[in-house]
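Peer 1: Pulled from TrEMBL, these are the listed features:
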- 34-168: domain 'Lnb N-terminal periplasmic' (DOMAIN)
- 263-352: domain 'Lnb-like transmembrane' (DOMAIN)
- 1-20: signal peptide (SIGNAL)
- 262-281: transmembrane segment (TRANSMEM)
- 293-317: transmembrane segment (TRANSMEM)
- 329-347: transmembrane segment (TRANSMEM)
- 359-377: transmembrane segment (TRANSMEM)
- 383-401: transmembrane segment (TRANSMEM)
Amino acid sequence: MRPFILALMLALLTLNGARAQEPAPLAQERPAPQIVLLTFAPGPVYWQRFGHNALLVRDVANGEDRVYNYGIFDFRQKNFFLNFARGRMQYRLAVEPLADTLAQYQYEGRWVQAQELDLDAAQSRELAAFLDWNARPENAEYHYDYFLSNCSTRVRDAIDRVTGGQLRRQLEGQRTPVSYRFEATRLMSPVPPLFLGMDAVVAARGDRPIDRWQQSFVPMVLMESLRTARLDSAGGGSRPLLRGELRVLEGGLPEPERPPSLLPAMAVLGLVLGALLLLLSHLRKAAPARWGLFGLALLLNLAAGLGGLVLLAVWFLTDHWIMWENRNLLLFSPLCLLLLPAWFRQLRAGAVAGPTARGLSLAAAAGAVLALALLLLPGAQQNLHWIVLWLPVHAAQAWILRRR
């Protein structure tokens with residue numbers, strides 16, 4: 001069994017005990033450290049859904065191990081939640097013992113995969129020195145971005161740095177059938193409210209095809225990518241980037257292969273809501289039907305209008321670039337908030353909507369039709385499921401308020 005595997009297994013068996021230190025070798029030159037990529041399974045909490053990874057640097061001379069973790073954030077950080085909402089989060093690199101890391105993931109019941117990198121001595125020393133420099137307090141913080149600068153991309157870039165760009169050259173341009181939306185919603189799908197919310201706020205930018213390099217923002221994808229990556233050898237030819245790997249801990253939730261399709265359920269729900277609005281309008285001579293119509297219209301217009309304000313806010317007030325220019329604004333229309341007075345007036349028997357309300361309802365319906373037409377253009381946002389939900393609702397509302 002290789003030394004790094006033995007060290008990992010010993011750490012697992014002695015999570016609550018002291019680690020025995022190996023004697024330092026007698027050689028004049030200190031041996032190069034071993035570098036291991038640790039990948040951690042997704043967890044049940046929303047911030048754990050994307051999985052995680054870190055780099056283990058093991059001093060083979062004395063058995064000391066240091067886990068470099070780029071995923072540290074602090075809820076107590078000043079203005080944390082405001083910065084979170086604005087997309088201006090500061091994460092940092094922290095160093096912790098391997099035993100503590102494994103203890104945490106054993107407690108959470110998440111699997112851990114260890115992959116030793118087959119770097120030469122100079123590359124191993126360079127990577128260890130870079131991580132040590134990066135972990136200093138003055139260098140540890142970085143601007144976090146879910147897709148472009150997270151724990152996995154930082155690890156990926158550190159490996160690419162010491163291999164002279166070889167990893168990037170192999171992964172960049174390697175086409176995949178997925179997008180940022182696909183990966184984000186796939187991994188978030190076990191948490192339905194967050195899955196739906198994320199799908200609604202991701203704009204057309206998130207539907208562009210991504211290559212394997214970009215896809216490696218997902219730790220599990222980076223883990224898979226390293227299995228086929230190769231390094232140039234000093235004597236010519238190439239060798240695998242990985243020297244070996246081991247599943248250190250078992251557990252973890254099943255990782256969804258793809259996000260669930262929302263189209264059938266959304267289509268049915270949209271038709272049901274549209275039909276229910278029309279039915280209640282037909283029966284509105286009766287007070288219970290008028291109240292039912294008012295309640296349903298109030299709920300739907302609040303959802304659409306407030307949702308639209310959120311989409312406008314993340315576009316103009318935040319750094320969440322993947323949410324900018326969201327075409328769901330044609331469906332979650334802020335205009336719907338201006339229709340609320342008209343629906344209050346509909347509580348009176350025989351009430352007729354004014355020209356302003358009729359115009360606003362037609363504009364909301366036209367927006368939904370425009371969203372459908374935009375699907376025919378290149379680079380369309382993949383939002384058909386939201387269109388089939390809101391188009392019947394806006395159309396029914398415009399039909400009801402058209403009455404003079």
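Including glycine, each Cβ sits where the backbone N, Cα and C put it.
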Peer 1: For the transmembrane segment (359-377), which partner among 262-281, 293-317, 329-347, 383-401 gives the most CB pairs under 8 Å?
Peer 2: 383-401
Peer 1: Over the domain 'Lnb N-terminal periplasmic' (34-168), what does the predicted model average in pLDDT?
Peer 2: 94
Peer 1: With DSSP as the reference, give the number of residues of the domain 'Lnb N-terminal periplasmic' (34-168) in helix, strand and coil.
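Peer 2: With helix first, then strand, then coil, the domain 'Lnb N-terminal periplasmic' (34-168) has 50 helix, 40 strand, 45 coil.
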